[in-house]
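Written below as structure tokens is the structure these notes are about.
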Amino acid sequence: HKLSVSPEMDIMEYCRKEWRGNTPAAKRMRKGYEAVAQKFASIRRIRGDNYCAFRATLFQALSQATQLPRWLQSEDLTMLPENLLSRYDWIKQWQLRQKPGKRMGEISDAIKEYLILLRKKWKNISEIKDPLEKQEACDKLFKNEEEEYSLYEALKFLMLNTAIELYNADKSGRRVPVFSWLLFARDTSSNPSQLMHNHLNHIGHSGGLEQVEMFLLAYALQYTIQVYRLYKYSTDEFITLYPNDPEEDWPVVTLITEDDRHYNIPVRMCQETML
């Protein structure tokens, strides 16, 4: 059984194992890991299967959740698939994991089920007060493949919904974040339908999240995703925030990447950092 989130390992020990050589790249990575080790004691490896950005972000969000986000409390959440499908015929082409070629009603029911599961898991984990118990509950959830991948389907659909909202806002002359223009400036995603066909439908299958889609994920979850991008060490992009102008009240999750493709997570904040 492949572990989705490996057990903790000392950050510098991990770095020494992975980056032994004396190439400029290895030196830069070691410096990057040293900087992360000022703030975090350990690292947990995330399984790499094109869902790793979702896996790392959701695992971190749930590990530190103390309440259900407002958008997850909304009654309208479970009606979302039905409402969107009734307005946008092209969403019938949504690729469900393991269930390609489903009919419209089945897509709507399946995604509704995934959104309900996301709400339930988030609520249950956020109510656990004991940090050790909370960690155990997260570990257990990410060992259940069926549930884990259902949650990623829910996240993808929330990203689609956010993209549609941003696209419509821009078309009606309202202000939208800069990343939204970049998202729809790509030849392959000039509107939400193309975004779904050419990008969202492929996430987890033939590709992971591109950088501009990290912004979309952050907006969909209303979380700030802070990423240590190790290969950018000693540049101003070493620590990148998605979005780069986050809302004050959005919680922050922290990830680590060596190449903007695969993400791992730092855990155990060092005591002096927490004070």
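Positions of Cβ are set from backbone N, Cα and C atoms, glycine also.
Please treat TrEMBL annotations as automatic predictions, because they have not gone through curation.
TrEMBL annotations:
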ACT_SITE  Asp49  active site
ACT_SITE  Cys52  active site, nucleophile
SITE      Glu237  site 'Linear diubiquitin binding'
ACT_SITE  His262  active site
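Sequence features, as recorded in TrEMBL, placed on the structure.
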| residue | record | Cβ contacts under 8 Å, 6 or more apart |
| --- | --- | --- |
| Asp49 | active site | Gly204 |
| Cys52 | active site, nucleophile | Ile46, Gly208, His262, Tyr263 |
| Glu237 | site 'Linear diubiquitin binding' | Arg229 |
Around the Cβ of His262 (active site), other Cβ atoms found within 10 Å total 18
